[in-house]
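Comments concern the structure below.
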């Protein structure tokens, strides 16, 4: 199977399939990604541990901090105690909440994230302002400042002294 078709099937599986955790599986929240396809997660009970990403998800599905996962426990692991079996998107979270499979500890977190997403979206003004209205041409505070260049500040005293020296020399 080519890489493109593999990616297509993995993405369709994650986005389309509805997954309910079995008895041995659990829902966890991603806290951070230390690297090497490992993710630090927290359970609804507050237990923290590392989970590994299976090779079928690597370079196909991206997991970020705050995402929710369904994991299978690994008995022989000391630090890595589970393996990711499913990545939950927003639609999966909503359906699990409606069905009652969602942990109570995470329901508050999911609500806060939804509220933050709504608040972070900028509201558009009712009427667009024309370029001449309400703004002065002297106000450059909204311009991009390139921080990679040195800032040369010339004081007025130095420039007056330079002008006087040039006049005396001429």
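Placed from the backbone N, Cα and C atoms, the Cβ positions cover glycine too.
Residues annotated as compositional bias 'Acidic residues' in Swiss-Prot: 155-170.
Per Swiss-Prot, domain 'S1-like' is recorded for 5-89.
Sequence annotations record features per position, and here Swiss-Prot assigns phosphothreonine to 33 based on similarity to another entry. Residue environment of residue 33 (phosphothreonine) contains 15 other Cβ atoms, counted within 10 Å of its Cβ in all protein chains.
What Swiss-Prot records for 131 (among others) is phosphoserine.
Annotation source Swiss-Prot lists phosphoserine at 135 (among others).
Sequence annotations record features per position, and here Swiss-Prot assigns phosphoserine to 136 (among others).
Under the heading phosphoserine, Swiss-Prot lists 137 (among others), citing similarity to another entry as support.
The phosphoserine annotation in Swiss-Prot covers 155 (among others), and the record cites similarity to another entry as its basis.
The phosphoserine annotation in Swiss-Prot covers 159 (among others).
Residues or ranges marked as region 'Disordered' by Swiss-Prot: 112-170.
What Swiss-Prot lists as motif 'Nuclear localization signal' is 6-12 (among others). Predicted-model confidence for the motif 'Nuclear localization signal' (6-12) is 75, expressed as mean pLDDT.
With a threshold of 8 Å between CB atoms, the same-chain residues lying at least 6 positions outside the motif 'Nuclear localization signal' (56-65) that come near it are 6-7, 10-11, 14, 30-33, 37, 39, 84, 87. The motif 'Nuclear localization signal' annotation in Swiss-Prot covers 56-65 (among others) and is backed by sequence analysis.
Secondary structure of the domain 'S1-like' (5-89) per DSSP (helix as H, G, I; strand as E, B; remaining residues coil): 12 helix, 36 strand, 37 coil.
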